[in-house]
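Right, one structure below, let's go through it.
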Amino acid sequence: MSMTRRYSSTQYSNKMSLQSLSSLLLLVTLFFSPAFALKKSYIVYLGSHAHLPQISSAHLDGVAHSHRTFLASFVGSHENAKEAIFYSYKRHINGFAAILDENEAAEIAKHPDVVSVFPNKGRKLHTTHSWNFMLLAKNGVVHKSSLWNKAGYGEDTIIANLDTGVWPESKSFSDEGYGAVPARWKGRCHKDVPCNRKLIGARYFNKGYLAYTGLPSNASYETCRDHDGHGSHTLSTAAGNFVPGANVFGIGNGTASGGSPKARVAAYKVCWPPVDGAECFDADILAAIEAAIEDGVDVLSASVGGDAGDYMSDGIAIGSFHAVKNGVTVVCSAGNSGPKSGTVSNVAPWVITVGASSMDREFQAFVELKNGQSFKGTSLSKPLPEEKMYSLISAADANVANGNVTDALLCKKGSLDPKKVKGKILVCLRGDNARVDKGMQAAAAGAAGMVLCNDKASGNEIISDAHVLPASQIDYKDGETLFSYLSSTKDPKGYIKAPTATLNTKPAPFMASFSSRGPNTITPGILKPDITAPGVNIIAAFTEATGPTDLDSDNRRTPFNTESGTSMSCPHISGVVGLLKTLHPHWSPAAIRSAIMTTSRTRNNRRKPMVDESFKKANPFSYGSGHVQPNKAAHPGLVYDLTTGDYLDFLCAVGYNNTVVQLFAEDPQYTCRQGANLLDFNYPSITVPNLTGSITVTRKLKNVGPPATYNARFREPLGVRVSVEPKQLTFNKTGEVKIFQMTLRPLPVTPSGYVFGELTWTDSHHYVRSPIVVQLSS
């Protein structure tokens, strides 16, 4: 249909300008008026509930009604409140998640009954020889002294994860040989996951994700199934069955298992396709943690996180406090933002925060040059089609006409010229885009293979990926040599050997470059991470809904895959926690953490101090107390225990007022202890930021072993004088508690910055070691 009447261009322009201007003014007025203020999803946190042990459904309905009534006073009506709220946290966490505008959120935050109001923030996922490396077995044999044997492989402990769901058909979650589900379990399974006596729970939480994205709910958001692979990988690492013949495309063949292979497992799906760089949202995480507490889990593994933040506006910190208060041990990943300092996340003192390090297995894929040079690389990709020398080309020399050379060097999409690449081995630089994406771009350009060279930040950390083409990743120094060869040789040629699994490699462990580092930017007086565990090239169960690279064009499928990240180290500790919970069912979460931390090691398999990705000496900001030793954690001798009251005292010591802490605890009688001092918080590590004069630290040790006398030994941090009183502690019975004090003072001439030492209490059988971290001012 055409218009017969028309304006001259000038008439049309003037008329439209006036109309547009008036419309624009109207839109601006409406947009910035209170009625049209931009709405977002928020969490309104009201603290804890003071429920009786048995809660009726009517009581829970009453809690939800009280949330709506409370919100109605700010949004105009009960109906508006009902429409705005998409989660009511009714059982352990007191609060709700709702769609609010900024003004409403600000007004609610002023109410005296409100602890905090904060945006529904997004979190990132922090993406089996390892158990042999940690000495739970040796050459496939489980010895009598193994924690596996002592703890019955974690039998009937219930371990859950917050992740991308689960692939229930995996053999890692088969219930063959399992007895009845523990009677204490109150959880359930969504209809799309066939649960059994091993996989006893599967639920999804999506309202926070949908509220943030504005997407309508559909079948793809109403499932517990794992379409990413991350959740199945982490859950099976924590508590998957023994599965013989596990491998990735024939490489690394062996028996896969989790840390607590006879534990029961539950999956709480809180992570969805990425949006704005995040997959898992606080509103969903809080709802899942509340459900996990009520369902009866013993251990909660969370391989998710974001930037460290204030405890009262951090969904993971809030939820995990309520879990720990109810006896659930919470284990969190430290993050993958290393090696930069001050990047560690999940720093709340009631969670176990886990860094990532290597182990003594590599999937070696050597790169050989025509001139006889050879570089040790790693890969899980298929071999080259022919055993011959191939032409090599630097990706920087393969850029498209008028293209960005840096993009080409990084092998980014659209940066490579197929005419230059076809049939050759392409040499790319690590950084920016995903390692597997570089392989995909190389393959798309027609490369026969790819060598991926580490950038300086990645150092010696090389990661095995199941690339879509023959490939190998080499370290930074070898990469420099290779690029030099390419630039100085007229006809450079090389070959990538087929990958093979190699054991007993040295040095191991060393810290992964990606593992986030301290110091703790929220509370510098608490050392984080707490511990490190294997997190590089970990083979575990995977989904069959996507390929091992998670790229849309990767049509391959594998029941097991290798992944790296603190996401992988976190469930290693969760599995160890499951064993300790089985062996010592009455230990508190703090006692379990103490046992893991104080029995760890800081030396590698060369009996030298652990190193970082550049093979320089590492320190507690990267590994915390050290690398986990499960068998020693079974009988630590002494523990640094903590109660809910201690955590409340901690909050007072770091500056939260009495009213906020009362709401947090749901205890109107609680009063911040006068003189509460962070230096006396009974943490298993000792950290003193900004030491300028003499200070005294107080700690309490609880005997969990037989009667014994312990003597103090210490290694002083450089420039610090240390004394301990008393120097000897005698325990006459199990459960007895003794107090000691450590005094630290700077020497007249001291270095500036952080310095490190350690304190060990020993009865010649047990060695209870704590790192000492001190910041000195020049």
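Glycine too: its Cβ is placed from the backbone N, Cα and C atoms.
Annotated in Swiss-Prot:
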SIGNAL    1-35  signal peptide
DOMAIN    41-126  domain 'Inhibitor I9'
DOMAIN    130-634  domain 'Peptidase S8'
ACT_SITE  ASP163  active site, charge relay system
CARBOHYD  ASN218  N-linked glycosylation site
ACT_SITE  HIS230  active site, charge relay system
CARBOHYD  ASN253  N-linked glycosylation site
DOMAIN    401-486  domain 'PA'
CARBOHYD  ASN404  N-linked glycosylation site
ACT_SITE  SER567  active site, charge relay system
CARBOHYD  ASN657  N-linked glycosylation site
CARBOHYD  ASN690  N-linked glycosylation site
CARBOHYD  ASN732  N-linked glycosylation site
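Positions of the features from Swiss-Prot, shown on the structure.
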| residue | record | DSSP class |
| --- | --- | --- |
| ASP163 | active site, charge relay system | strand |
| ASN218 | N-linked glycosylation site | coil |
| HIS230 | active site, charge relay system | helix |
| ASN253 | N-linked glycosylation site | strand |
| ASN404 | N-linked glycosylation site | coil |
| SER567 | active site, charge relay system | helix |
| ASN657 | N-linked glycosylation site | coil |
| ASN690 | N-linked glycosylation site | strand |
| ASN732 | N-linked glycosylation site | coil |
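Taking CA atoms as the reference points, ASN657 (N-linked glycosylation site) and ASP163 (active site, charge relay system) are 34 Å apart. The average pLDDT computed for the domain 'PA' (401-486) is 94. Using a 10 Å Cα-Cα cut-off from HIS230 (active site, charge relay system), the recorded positions that qualify among ASN218, ASN253, SER567, ASN690 are SER567. Counting only the Cα atoms, the space from ASN404 (N-linked glycosylation site) to ASN732 (N-linked glycosylation site) is about 72 angstrom. When Cα-Cα distances from ASN732 (N-linked glycosylation site) are compared across the recorded positions ASP163, ASN218, ASN253, SER567, the shortest belongs to SER567. Among the recorded positions listed (ASP163, ASN218, SER567, ASN690), SER567 has its Cα nearest to the Cα of ASN253 (N-linked glycosylation site). Put simply, of the recorded positions ASN218, SER567, ASN690, the one whose Cα is nearest the Cα of ASP163 (active site, charge relay system) is SER567. Secondary structure counts, DSSP: the domain 'Inhibitor I9' (41-126) has 34 helix, 30 strand, 22 coil. A simple Cβ count within 10 Å picks out one of the glycosylation sites ASN218, ASN404, ASN732 as the most packed, and that one is ASN404.
Between the CA atoms of ASN690 (N-linked glycosylation site) and ASN218 (N-linked glycosylation site) there is a gap of 53 Å. For the pair formed by ASN218 (N-linked glycosylation site) and SER567 (active site, charge relay system), distance between Cα atoms is given as 28 Å, rounded to the nearest Å. Remark: of the glycosylation sites ASN253, ASN690, the most isolated position is ASN690 (fewest other Cβ atoms within 10 Å of its Cβ).
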